[in-house]
Amino acid sequence: MANYFNTLNLRQQLAQLGKCRFMGRDEFADGASYLQGKKVVIVGCGAQGLNQGLNMRDSGLDISYALRKEAIAEKRASWRKATENGFKVGTYEELIPQADLVVNLTPDKQHSDVVHTVQPLMKDGAALGYSHGFNIVEVGEQIRKDITVVMVAPKCPGTEVREEYKRGFGVPTLIAVHPENDPKGEGMAIAKAWAAATGGHRAGVLESSFVAEVKSDLMGEQTILCGMLQAGSLLCFDRLVEEGTDPAYAEKLIQFGWETITEALKQGGITLMMDRLSNPAKLRAYALSEQLKEIMAPLFQKHMDDIISGEFSSGMMADWANDDKKLLTWREETGKTAFETAPQYEGKIGEQEYFDKGVLMIAMVKAGVELAFETMVDSGIIEESAYYESLHELPLIANTIARKRLYEMNVVISDTAEYGNYLFSYACVPLLKPFMAELQPGDLGKAIPEGAVDNAQLRDVNEAIRSHAIEQVGKKLRGYMTDMKRIAVAG
């Protein structure tokens, strides 16, 4: 099999990278009706598998779970989760032949084995669904021509998909139809019904492509979403301890600082996050972020280049074939870092303290979000897609660190995201060490004193923050989500 993206000519590559259309609410007037009365079989009962299935069942669809014989015989976690929630469970051979839609929600590295097993069992004219297009785009999986291939990709962890649905809302979602597999022209109808069944249509749906979803998703998770948070955590902790800060306090400031800072990001973008600072601190955070962008731009560009070319995927798949040797080594090394093993701080840190003493962390967030967004857009990815894969998902990942530090983040994210995270963070930490050595008092761990500021400089910095393209598209998309939630609640 060959990387699908690399089989396309340049015009086709650019067309698929740039496919992104915000869909209107009226396009989902039929809800999930296209799939009602049809059999939907989900393969895999992890976080996405279980929670999407619960939402789809509550939306009136016929949902069952196909598991491997040994998972059923040994009553593994997937079997327990499905049966405890009242779902029908069976083997591939029992359920797949009757399925109208088979949804593959297993981890990326299992996709090829799963598809090779289920494809011969699928009836003529059935549909195959994914929530991430890696298997189609990067592995280059060939699917029978009578099978329709679609994607519904919620831009949140599975638990959030369920919780937002229960609130009467949903999470922003990308949908796509694989252009090589839409024999009956029904792919978009299937994808729309599936997205509606998960509640995604109530938060906003982007019509995208498998290519755009994969390339932007990989870039976001490797850089700002996971790699930058990991590198930033390790660098900031070590710097604080070197300066004499109590390791327990330093650990808490960082562990919960990311979540507190990015909560402002979620509500009002980079503008609101920066507005939480005093004027002198805002000017300093802006200056630090500009320095960071200059230093890190080549690293972000290298990751994007390796994602576009397929270099990243081929390297990771080689590690799959080598029993995840690199991944497991990096995971073990991360677990032994000083940040991960630091004692817990029992005292309280007030919300504003995280901002006042985390100026560098805010600068890292701003620089990372803007760089990821800019690099994706420069590579042909549309701004809305780049926003969802950078700023939008960052608070969700920061929340995992608040739960159990980097360990929890790396457990929750996919192995694909974890592998990319380590690639980035292992390069970023040494890259930023000279920068860290030049920090000034007040950049981290101590508040910057109030003082006079130059009005013209403050005016220009505020304008630069607010006029960045990610702030413009973010304001539009956040406004749309707020309006949609208001409509959903009123309904």
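Including glycine, each Cβ sits where the backbone N, Cα and C put it.
According to Swiss-Prot, the protein carries these features:
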{"type": "DOMAIN", "residues": "15-208", "note": "domain 'KARI N-terminal Rossmann'"}
{"type": "BINDING", "residues": "Cys45, Gly46, Ala47, Gln48, Arg68, Arg76, Ser78, Asp108, Lys109, Gln110, Gly158", "note": "NADP(+) binding site"}
{"type": "ACT_SITE", "residues": "His132", "note": "active site"}
{"type": "DOMAIN", "residues": "209-344", "note": "domain 'KARI C-terminal knotted 1'"}
{"type": "BINDING", "residues": "Asp217, Glu389, Glu393", "note": "Mg(2+) 2 binding site"}
{"type": "BINDING", "residues": "Asp217, Glu221", "note": "Mg(2+) 1 binding site"}
{"type": "DOMAIN", "residues": "345-484", "note": "domain 'KARI C-terminal knotted 2'"}
{"type": "BINDING", "residues": "Ser414", "note": "substrate binding site"}
* To do: By Cβ count within 10 Å, point out the most packed of the binding-site residues listed: Cys45, Ala47.
  => Cys45
* **Neighbourhood of Lys109 (NADP(+) binding site) by C-beta distance under 8 A, where only residues 6 or more apart in the same chain count** => Trp320, Asp415, Thr416
* Where DSSP helix means H, G or I and strand means E or B, what are the helix, strand and coil counts for the domain 'KARI C-terminal knotted 1' (209-344)? -> 117 helix, 0 strand, 19 coil
* Here are the binding-site residues: Ser78, Ser414. Which has the lowest count of other Cβ atoms within 10 Å? -> Ser414
* Neighbouring C-beta atoms (10 Å sphere around the C-beta of Glu221 (Mg(2+) 1 binding site)) -> 25
* **Three-state secondary structure, Gly158 (NADP(+) binding site) (per DSSP)** => helix
* Of Asp217, Glu393, the binding-site residues given in the record, which has the fewest other CB atoms within 10 A of its CB? -> Glu393
* Cα distance, Glu221 (Mg(2+) 1 binding site) to Arg68 (NADP(+) binding site), nearest Å? -> 30
* How many other Cβ atoms are found within 10 Å of the Cβ atom of Arg68 (NADP(+) binding site), counting all protein chains shown? -> 17
* Intrachain C-beta neighbours of the residue listed as 'active site', sequence separation six or more, cut-off 8 angstroms -> Asp108, Met151, Ala153, Glu213, Val214, Asp217, Ser414
* Could you tell me the C-alpha distance between Glu389 (Mg(2+) 2 binding site) and Glu221 (Mg(2+) 1 binding site) in angstrom, no decimals? -> 8
